[in-house]
Amino acid sequence: MAYNYNMHTSSRVAIIGAGVSGLAAAKHLARHHPQVFEASDSIGGVWRKCTYETTKLQSVRVSYELSDFLWPNRGESSFPTYVDVLDYLEAYAKHFNLVKFIKFNSKVVELRFIGDGKTLQMGDLGAYGNLLPGKPVWEVAVNTGDGDIQWHAFEYVVVCAGKYGDVPRTPTFPVKKGPEIFKGKVLHSMDYSKLQKEKASQLLHGKKVAVIGFKKSAIDLALESALANQGKEGKTCTMVVRTPHWVIPHYWRATVSKFIESYVLWKLPLEKYGLKPDHAFEEDYASCQMALVPEKFFEEADKGMIRFKRTTNWWFYDEGIEFEDGTTLEADVVILATGYDGMKKLKAIVPEPFRSWLEFPWGIMPLYRGTIHPLIPNMGFIGYVQSSSNLKSSELHSRWLSQLLDGKFTLPSKEKMLDQFLKEMHVMRRSSRFFKNHCFSTFSIQHADDLSKDMNLKP
């Protein structure tokens, strides 16, 4: 592979990724003429590469729209499909003329710090530094797919590569009890999402399917399997569930109260299928663990087309899956809806010493205002925190970052930024045992108020 070391400096700001967060960042940073690097040949991010035939938005249109670009037919009560969402994002990019900033088929493979030349230390907790110093701070290596690596130089880099997709998280198994001994087919949900509609249907139809997991992707896949197996030749799909989390009806309206558990248990047959979580609803809300149950999901379960098996440990045998209680499940296809390792993807491009600081201190990236890592200079992160509306969070963080780069306000010291993050983590630890994600749900209003105050806006 050839390396082209001729530095390209057409812009002061780079954006990595053209998904929801990347588009929002490009729109708000448009005055800086950002260079957006997108690894694929189109915009959309996870809505393009991690969706299935049954994938829909988990809210109505008005709850998932950018503030300056409204949905057409926004009053409809139906939930948009992933195709509708892609159409909306493409219309947004066209309306604000964002495509001119994007280099498609351009995968960022390496970042190189060329700032002040000094090795930064964890103990250096002074001022954050100049955001646009007038000279390059980062070199960005881009693979354009033609065997050539191009290097670009920028003063500021905004990472919007996302936490989902690209790097699947897969279970580990005892020796000689992994997928290699299974006679059927094993694939991750990421690989399934790449299949064309006809091939996906052929994979599922007439097959005994096991779906591992009980989050959004797993639930969508189980329903897709059930719908592909209608009729006499149809087979049952079994969901293998380790830790049930609270799920909510597709017509649920966002609210949390002491009555919500009773409401969900009244509306959904969680107890009937042994899916009632062992923890309070508020814990899942506080850690962004909830998933919305699509229409017809429990209808298919009632018909026997979706079954559930709760277990802590499982492994493969030649005909399917064996559980710790000694029971077995015959299967033709096993789909691992076990999530993604977004941090591994990020660590692959971020150099040391910054790579070692990405997950300091609790395995969660310490992002001040959900955007700035206090120990990584001249780099912002959009889309790496979760809330009740990730799209609106990405838009707000992008707007905040644009005003920061424009000098409308300044950052506090690194020490104060880290202290603010630690306070947020303490809130999460008190609210939920599932605090592996940086989730703003329980203090989203306060977070938005803080960002608005920085920007001198009325909350």
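Along the chain as shown, residues are numbered 1 onward.
Just so it is clear, glycine is given a Cβ too, placed from its N, Cα and C backbone atoms.
Pulled from Swiss-Prot:
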- GLY17, ALA18, GLY19, VAL20, SER21, GLU38, VAL46, TRP47: FAD binding site (BINDING)
- SER217, ALA218, ILE219, ASP220: NADP(+) binding site (BINDING)
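Everything Swiss-Prot records as a feature, shown here on the structure.
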residue	record	contacts (Cβ under 8 Å, 6+ apart)
GLY17	FAD binding site	VAL36, PHE37, GLU38, ALA39, GLY45, VAL159, CYS160, ALA161, GLY162, GLY383
GLY19	FAD binding site	ILE43, GLY44, GLY45, VAL46, TRP47, ARG48, CYS160, GLY162, GLY383
SER21	FAD binding site	GLY45, CYS160, GLY162, ILE382, GLY383, SER394, SER398
SER217	NADP(+) binding site	CYS50, TYR52, SER189, ALA337, GLY339
ALA218	NADP(+) binding site	SER189, VAL211, ILE212, MET239, ALA337
ILE219	NADP(+) binding site	MET239, VAL247, ALA291, VAL293, PRO294, PHE297
ASP220	NADP(+) binding site	TYR52, THR54, THR55, PRO294
Here are some binding-site residues: ALA18, VAL20, VAL46. Which one has the most Cβ atoms within 10 Å of its Cβ?
ALA18
Give the number of CB atoms, excluding that of TRP47 (FAD binding site) itself, located within 10 Å of its CB.
19
Count the Cβ atoms, other than its own, that fall within 10 Å of the Cβ of GLU38 (FAD binding site), considering every protein chain shown.
26
Tell me the coarse DSSP state (helix, strand, coil) of GLY19 (FAD binding site).
coil
GLY17, ALA18, GLY19, VAL20, SER21, GLU38, VAL46, TRP47 excluded, remaining Cβ within 8 Å of their centroid (FAD):
GLY22, LEU23, ILE43, GLY44, GLY45, ARG48, CYS160, GLY162, GLY383
